[in-house]
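Chemist: The structure follows.
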Amino acid sequence: MLDVRIALACAVAAGVSTSALDMLTRSADSLGLIDLPNSRKLHLGSIPLVGGLSIFLGVLISALWLGGFSHFIHALLATSAILALLGALDDRYNLSVHVRLLAQALVVLIMISCTGVYIHSLGYLFGRELSLNWMGIPLTVIAVIGLLNAFNMIDGIDGLVGGLSLVAISSILLYSNADRVYGLTTLMLLLGSALIPYLTANLGLFGHKVFLGDAGSMVLGYLFAWILIDFSQSMPTHLPPSDALWCVALPLLDTLAVVYRRLRQGKSPFKPDRGHIHHIIMDTGLGSHRTLAYLIVLAVALALFGSVIRGFGLGVNLLAFFVLAMTYTLVVTRLWKFQEAQKDQAASVYSADEPAAAIRRRLTPKHGMGRTRQAGGTTPILLVRVIKARHSCVRDGTSVVALAVLARISVAIGLVDRPNARKHHVGEVPLVGGLSVLIGLLAGALWLHGLGIFGHTVLATAAVLALLGALDDRYDLSVRARLLVQTVAIAVVIGTTGVYIHSLGHIFGHELTLGWLGMPFTIVAVIGLLNAFNMMDGIDGLAGGLSLISIGAILLYSNITPTRGPAALMLLMASALLPYLASNLGLAGRKVFLGDAGSMVLGYLFAWTLIDFSQTSPRHLSSVDVLWCVALPVLDTLAVMYRRLRQGKSPFKPDRGHIHHIIMGTGLGARSTLICLIILASALAFFGSVVRTFGIAINLTVFSALVIIYILTATRLWRQQMAKHKILPNMQAANDASMPAPPSIRALVGNGQSE
């Protein structure tokens, strides 16, 4: 019987919303609730701003008719009514930002004082609950104001806020697994029902066209904020706080990107412009309906991605959203700058007498109107290239398909490496080898299963690092930004799995345990190895070849069957590496480079595999054995960093002082150098397999001595080569300076004139 009453209440919500929409539309002009076109709003004619009021009236009256709601929901509806009135006044009189923010903060504080509900906990991380206590109250005020303004800011094209609201409702119901009979879930059903009449009118499907207005967008954001807070803070908890972010991901991401860009420009974050994601997409030439469809699909994809990533725990969940926010902000800001530059360039072609702002407006596609495609639009081009690549590679393995697709779109997405003073290759080379390796590895892992929580967490964080590496390849991120994300990823694995370097093994009859110091030591070790592979990636085939040697050494030393766990991960990695190596060495297909995404991921996966083999029971490797498995990258990185620090330079500033540069400086070609280094790496792995039989103490002593010898030898060879390279430039400079030279030199080089 109760289900029937809820269904009737939903019908009441839709009916009241429809009736209110009709009555308010008729009186909108007399109330002054109409939207007029201007330089930023490109619709035609005056449009009633009554959609939000009709939605709220439908929810309010149907909730009162149904009855039986808690004190929390009554307080929520009452404070929502205040915000609806505030929004209507803003639509009518265009209130200042300070007045709106003050009123919104007071409404949130009233809600907290009436119900006692606020964000008092951020969930469990590293086995402990992150409690906020009194600090949760100001955080709640900021969170609620942020989300209601996020919905307000993204309300830029027909149907967008209404569509995103339906996606948010569906996501919350999917994530929460809460009681569907009464409470907030019933309120969301009423809200969804009240949204339908507005959407049909807003999209021009039925009746007079209306807009949502500030009253509607603010109320929708306010309702979703409190629904998510109650679901994540009440007992029983229906969804963790990190899950709440994915339910409203697109409005949050777009608002963060827009606020970041405006602050960087020295503008107020609340000053409107045409820099939101829907403006950027429409400026490629797409119409408003197609833009709406793309954004709804994106919002659904984000919600589904969140439903998958939430299974890896709070740490991975927060890290994934944090990296996604950074990626979204950088990409959207870059696209906006590119489009603004195009408009300025096009404006200069028209007329010097016409103001540039007017020309820019004329060049901007209008909502639902002219669909003239600009030359800068890249979305259709990308789709065509992806489809062509897919048809040509459908019969190959996942890594091969990914390599072919990514290579074809690499120029369009900016993942190409260009020659410079330090990079001596010819032409633009796609930096997509690492991404193809990871995609193949992920596909194989999903098909294989049996990797356990440790394997899944490592792969999830590796995907985050691959995204970080791709962004570094594209935008050349700062060292600090890279190290920060790498540290967070490692901390997530430690907190989620409990695996870290807690012991250095038995030396002189005693086990060297690290205790809590093992956690920062693990962070340093993993960052060191992933950057070692990143730094070593200097000639074709080197990083891939060293990876295959490391895989072989790990499987040889550990003496286990690679059917499950990290050992199986190594076998999958080797298989995914082969198509990349064939392409990188020019044996098949178009030449590609590994890129920072690939080198970082390879080092990261090796680091965690070696830590797991040496720290978990039963131990397959000693703590010193792991060094021999990746000996050459570790030795070369230590030597390079020692030399740079001695020179007073940053250890992360690139130069041509690695072992492959030194060998090529003797006159050997890239292929001969690669063969020499592969032989050296194999010899080190074999030598380690012999030394390890004498015990961990001798093993550690030998490796330490090898480190010292390698550093001294590599540094001395580099200095000798640098001294030789300075002789000819100095002679040429002396000749160009018209300085008197000894007769013997003048006889050799002449006076700088041709005979």
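All residue numbers here begin at 1 and follow the chain in the order shown.
For all residues, glycine too, the Cβ spot is worked out from N, Cα and C.
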Chemist: So which range, 132-150, 398-416, gets flagged transmembrane segment in TrEMBL?
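Modeler: Going through 132-150, 398-416 one by one, TrEMBL gives transmembrane segment for 132-150.
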Chemist: Short question: which residues 6 or more past the ends of the transmembrane segment (211-229) have a Cβ under 8 Å from it?
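Modeler: Distant Cβ neighbours of the transmembrane segment (211-229) are 33, 35, 47-53, 55-56, 76, 79-80, 83-88, 90-91, 104, 107, 111, 117-119, 140, 143-144, 147-152, 155, 161-162, 165, 168, 172, 184, 187-188, 191, 198, 202, 239, 244, 247-248, 251.
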Chemist: Is the count of Cβ pairs under 8 Å between the transmembrane segment (623-642) and the transmembrane segment (453-471), pairs 6 or more apart in sequence, 3 or more?
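Modeler: Contact criterion not met.
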